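A.B. asks: Sending over a structure as structure tokens; questions will come in a sec.
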Amino acid sequence: MNYFILILVAALLILDVNCKKDGYPVEHSGCKYTCWKNEYCDKVCKDLKGEGGYCYINLTCWCTGLPDNVPLKTNQRCNGKRK
């Protein structure tokens, strides 16, 4: 039984587990993608290797299933200014 647990833990550590995350992706300037249509956001999110996305109430793109290496909006700064 102990060997099974040890092998299971070792296998989990060896496997590269890629977690997916949801959120507002940012452009190079640090600003969120602005939008009017869901189709635009869906394309942006899929171009970033996400599962999909939609235009949220505040007219910015919300993406689902993004890889870990895609930066998400974490503060209110855009182009170095508070927005």
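Using the three backbone atoms N, Cα and C, a Cβ is placed for every residue, glycine included.
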A.B. asks: Which cysteine out of Cys19, Cys55, Cys63 is the one Swiss-Prot pairs with Cys35 in a disulfide?
C.D. replies: Cys55
A.B. asks: Just choose from Cys45, Cys78 the cysteine that Swiss-Prot connects to Cys63 via a disulfide.
C.D. replies: Cys45
A.B. asks: Could you identify, going by Swiss-Prot, the member of Cys19, Cys61 that forms a disulphide bond with Cys41?
C.D. replies: Cys61
A.B. asks: Using all protein chains shown, find which of the disulfide-bonded residues Cys61, Cys78 scores highest when you count other CB atoms within 10 A of its CB.
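C.D. replies: Going through Cys61, Cys78 one by one, the largest Cβ count within 10 Å is at Cys61.
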A.B. asks: Which one is it: of the disulfide-bonded residues Cys41, Cys45, Cys55, Cys61, Cys63, whose Cα lies the shortest distance from the Cα of Cys78 (disulfide bond)?
C.D. replies: Cys61
A.B. asks: These are the disulfide-bonded residues: Cys35, Cys41, Cys45, Cys63. Which one scores highest on other Cβ atoms within 10 Å?
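C.D. replies: Sorting the candidates by Cβ neighbours within 10 Å, the top entry is Cys63.
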A.B. asks: Are there any residues at least 6 positions away along the chain from Cys55 (disulfide bond) with a Cβ closer than 8 Å to its Cβ? List them or say none.
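C.D. replies: Expected: Cys35, Trp36, Lys37, Asn38, Tyr40, Cys41, Cys61, Trp62.
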A.B. asks: Can you tell me how the residues of the domain 'LCN-type CS-alpha/beta' (21-79) break down into helix, strand and coil by DSSP?
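C.D. replies: Computed counts for the domain 'LCN-type CS-alpha/beta' (21-79) are 10 helix, 21 strand, 28 coil.
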